[in-house]
Amino acid sequence: MSQHTFVAGTAPGAVPVVGHAWQMMRRPLHFMSSLSAHGDLVKIRIGPTSAYVPCHPELLRQVLTNDRVFDKGGVFYDRARDIAGNGLVTCPYRDHRRQRRLMQSAFQRTQLERYSTAMRAEIDATAARWHDGTVIDAFPELYGMALRTVARTLYSTPVTEELAQRVEQAFDTVLNGLFRQMFLPHSLRRLPTPANLRYRNNLRFLHDTVQDLITEYRRDDTQRDDLLSALLASRDEDGGRLGDTEIHDQVITVMAAGTETVAGTLTWIFHLLSRHPEIEARLYEEIDTVLDGKPPHWDDLPSLSLTDRIITEALRMYPPAWIFTRLTASDVDLAGVRLPEGTTIVFSPSSVQRHSEAYDDASRFDPDRWLPDRTSAVARQAFTAFGTGARKCIGDLFARTEATLALATMLSQWRVTVEPDADVRPVALATVYHPRRLRLRLTARTPGQ
């Protein structure tokens with residue numbers, strides 16, 4: 001792929017003043033996926049600012065693996081910092097190495113095994129509330145389950161149901177509002193409109209709540225096997241540690257990333273399985289064979305190989321984030337185009353992960369393309385659902401573990417059928433996108449049914 005002769009182009013349809021921002025707000029996924037028809041590196045306009053979109057997997061690899069030059073910045077990260085501050089996902093290059101070293105121990109496999117116990121407890125509690133014949137609205141239900149699961153993993157001390165519901169509502173309001181905030185001019189974001197006030201008030205509540213939890217943990221030196229305790233205890237090789245503000249930002253980051261990623265991926269998986277009953281039947285068979293009617297545990301995960309490939313393929317076709325941005329920290333050449341310092345790069349893993357040069361029949365749902373004897377280096381390189389290079393998501397295994405436990409738990413107890421009123425046109429949120437409407441009917445089952 002590195003021998004490819006790249007073509008640079010310009011996207012048509014820019015409107016005076018707003019550029020292509022109106023298209024990104026109306027049909028963001030369609031707009032981003034349409035750009036490859038105009039070149040491998042495509043120039044767009046967001047308001048008065050020009051930006052460049054790498055549409056070819058090799059160009060995106062160059063951007064993601066050179067984080068010194070292609071630094072975190074641009075419209076997405078400017079607004080994401082409202083929520084996550086200077087956390088690991090949003091921090092610039094100068095802060096990233098130190099933060100990554102300090103957080104690494106909290107995401108080691110030994111820690112993940114401990115977290116999996118908390119994950120299972122919340123997933124089991126959610127499944128226990130369902131009844132034979134229950135119909136659930138997939139994304140909201142799975143979003144709530146994922147948020148409660150991440151919260152229990154972070155913070156093992158019980159909280160009131162009222163606080164848990166308030167946090168869930170606040171996150172939903174903020175993450176939905178962030179999409180709108182990304183494309184509003186600064187002057188409009190400052191206006192005291194009902195939407196802006198809801199966004200600010202809920203954002204303030206989230207920050208205050210997280211700070212209260214950190215303060216409580218600082219006062220109480222009880223040993224806990226949760227993620228917040230691991231962050232508080234982490235040290236680098238020089239004995240340095242994360243400060244309270246840094247821990248605050250990391251907690252918000254983990255909650256936001258871990259919730260939307262898992263909920264969106266699981267929702268798309270149920271849609272895909274409904275369209276491919278032969279793969280669905282194989283999945284039920286694997287879960288029944290491996291678990292034999294028992295709840296899934298950490299030690300079962302390596303044996304759930306088809307489950308893992310289904311998650312990977314869903315992440316390829318519907319990656320958890322539809323848009324990211326970077327900002328060039330110095331002048332650089334990309335696809336033969338000279339980009340001056342301060343140039344905005346915009347990219348969508350969704351469009352790149354369906355590129356024909358990386359995947360045969362890229363629009364087809366084929367989990368077995370990830371079998372060791374079928375996958376290629378090019379395909380692995382083009383898979384950027386969790387990023388790549390030094391800034392690859394530190395929580396990729398965390399999210400995969402949560403998704404695998406949730407999927408195996410649900411399908412070991414329930415036969416899941418998509419209701420006929422499904423509308424799978426994608427709805428974009430701040431980072432993820434999900435079907436407009438996907439309701440699931442749950443029918444109780446036992447292994448072999």
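All positions are counted from 1 along the displayed chain.
Heads up, the Cβ atoms here are built off N, Cα and C, so glycines get one too.
Note that the coordinates shown come from a computational prediction; the quantities given were computed from them, not determined experimentally.
For 251-273, the entry in Swiss-Prot reads transmembrane segment. The list of residues near the transmembrane segment (251-273) in space but at least 6 beyond its ends in sequence, with Cβ under 8 angstroms from a Cβ of it, reads 83-85, 87-90, 138-139, 142-143, 145-147, 149-151, 153-154, 171, 175, 206-207, 210, 213-214, 227-228, 231, 279-280, 283, 310-311, 313-315, 317-318, 320, 365, 393, 395, 398-399, 402-403, 406-407, 416, 418, 422, 424, 429-435, 438, 440.
Under the heading heme binding site, Swiss-Prot lists CYS393, citing similarity to another entry as support. In this structure, CYS393 (heme binding site) belongs to neither helix nor strand by DSSP; it is coil.
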CYS393 (heme binding site): tally of other CB atoms within 10 A of its CB: 19
